[in-house]
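Asker: Pasting a structure below so you can have a look.
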Amino acid sequence: IACLVMYLFAEFDDAANLLAANPDATTISIDEPVEIPKNQRGRLQEPGREEDDELLGTDDSDKTELLAGQKKSAPFWTFEYYQTFFDVDTYQVLDRIKGSVFPVPGKNFVRLYIRSNPDLYGPFWICATLVFTIAVSGNLSNFFIHLGKPTYHYVPEFRKVSIAATAIYAYAWLVPLALWGFLMWRNSKVMNIVSYSFLEIVCVYGYSLFIYIPTAILWIIPQKVVRWVLVMFSLCLSGSVLVMTFWPAVRDDNRRIALATVGTVVLLHALLAVGCLAYFFDAPELDFPAPIIPAHNGTTVVTKSQ
């Protein structure tokens, strides 16, 4: 104990000698908290910064989520790489479907539902279900419109399945690819532009098409007014999801370019809905050939269809 006391006094004497040699030296106590300079504090707590991070998904927030999730990407030639795209449960898919059907104003669909775990399971099956729903509903609509006409013979049009599949899957993949490339290009021009990943954009477009599944079933009703009201209602819901998702990403760009980008997104979405309605449900009626009825005296009688 005596040795320890002598050692402490020796250390205290050395410190006293150093302080006497340099009286202006700054001393720091271990118990005193370190204060952050005002200029740094202002940068850390800029007004509106948290809101921008929430809507846009900045690099800091993305790095935090990646570190928190500790995701490890496998090589693209392995099965585990593609397995991660379908690693979702039923509750996550249902939650994302609800978010696409009931969009929340001011909330970003990617940040709220997709960013933690983007998937292709939901978009793939939503598009597949929509393809068969439109094709089957279109055939049923055509059947009910001509039901009761003696000159009409129902023939299933299986080609509508391939046409619907080509249109829907091309829209769900090519449009996101073009939008992703455009955002990447604008990101190199404007520093504030935030680019979503291609998988996130595909996920948004896939889930935004879910509202058209019940709409296509209701399109069987042979009333044009009801059909157009349904398509406008569905277009407003699904289009609002796209606008609230991509507007925060381009709003810092040139005003005309930002409005043109969002307008193009809405226009292409409307063309898909209106095109499906016009081709599969509101197609013009075909003139069926009148049947030839043989007479008993050897002559043939051609009946005229009205």
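Cβ coordinates are placed from backbone N, Cα and C, and glycine is handled just like the others.
Annotation source TrEMBL lists compositional bias 'Acidic residues' at 49-59. The domain 'Yip1' annotation in TrEMBL covers 101-273. Annotation comment: TrEMBL describes 36-60 as region 'Disordered'. The transmembrane segment feature in TrEMBL is assigned to 120-141, 161-185, 197-222, 228-250, 257-281.
Could you give the neighbours, burial and distances for every feature on this list?
Answerer: The list of residues near the transmembrane segment (120-141) in space but at least 6 beyond its ends in sequence, with Cβ under 8 angstroms from a Cβ of it, reads 85-86, 88, 93, 96-97, 156-157, 160-161, 164-165, 168-169, 172, 199, 202-203, 205-207, 209-210, 212-213, 216-217, 219-220, 222, 276, 280-281.
Sequence-distant contacts of the transmembrane segment (161-185) (same chain, six or more residues past either end, CB-CB distance under 8 Å): 123, 127, 130-132, 134-135, 193-198, 201-202, 204-206, 209, 246, 249-250, 261, 265, 268, 272, 275-276, 279-280.
Proximity of distant same-chain residues to the transmembrane segment (197-222), defined by a Cβ-Cβ separation under 8 Å and at least 6 residues beyond the stretch ends, is recorded for 85, 96-97, 99-101, 109-110, 113-115, 118-120, 122-124, 126-127, 129-130, 133-134, 137, 140-141, 144-145, 168, 171-173, 175-177, 179-180, 230-231, 233-234, 237-238, 241-242, 245, 269, 273, 276-277, 280-281.
The list of residues near the transmembrane segment (228-250) in space but at least 6 beyond its ends in sequence, with Cβ under 8 angstroms from a Cβ of it, reads 55-56, 99-101, 103, 105-110, 179, 183, 186, 193-196, 204-205, 207-209, 211-212, 215, 218-219, 257-258, 261-262, 265-266, 269-270, 273-274, 277.
When Cβ-Cβ distances below 8 Å are used as the criterion, the transmembrane segment (257-281) is approached by residues 134-135, 137-138, 141, 160, 163-164, 167-168, 171, 175, 179, 182, 186, 208, 212, 216, 219, 227-228, 231, 234-235, 238-239, 242-243, 246-247, 250-251 of the same chain, each at least six residues removed from its ends.
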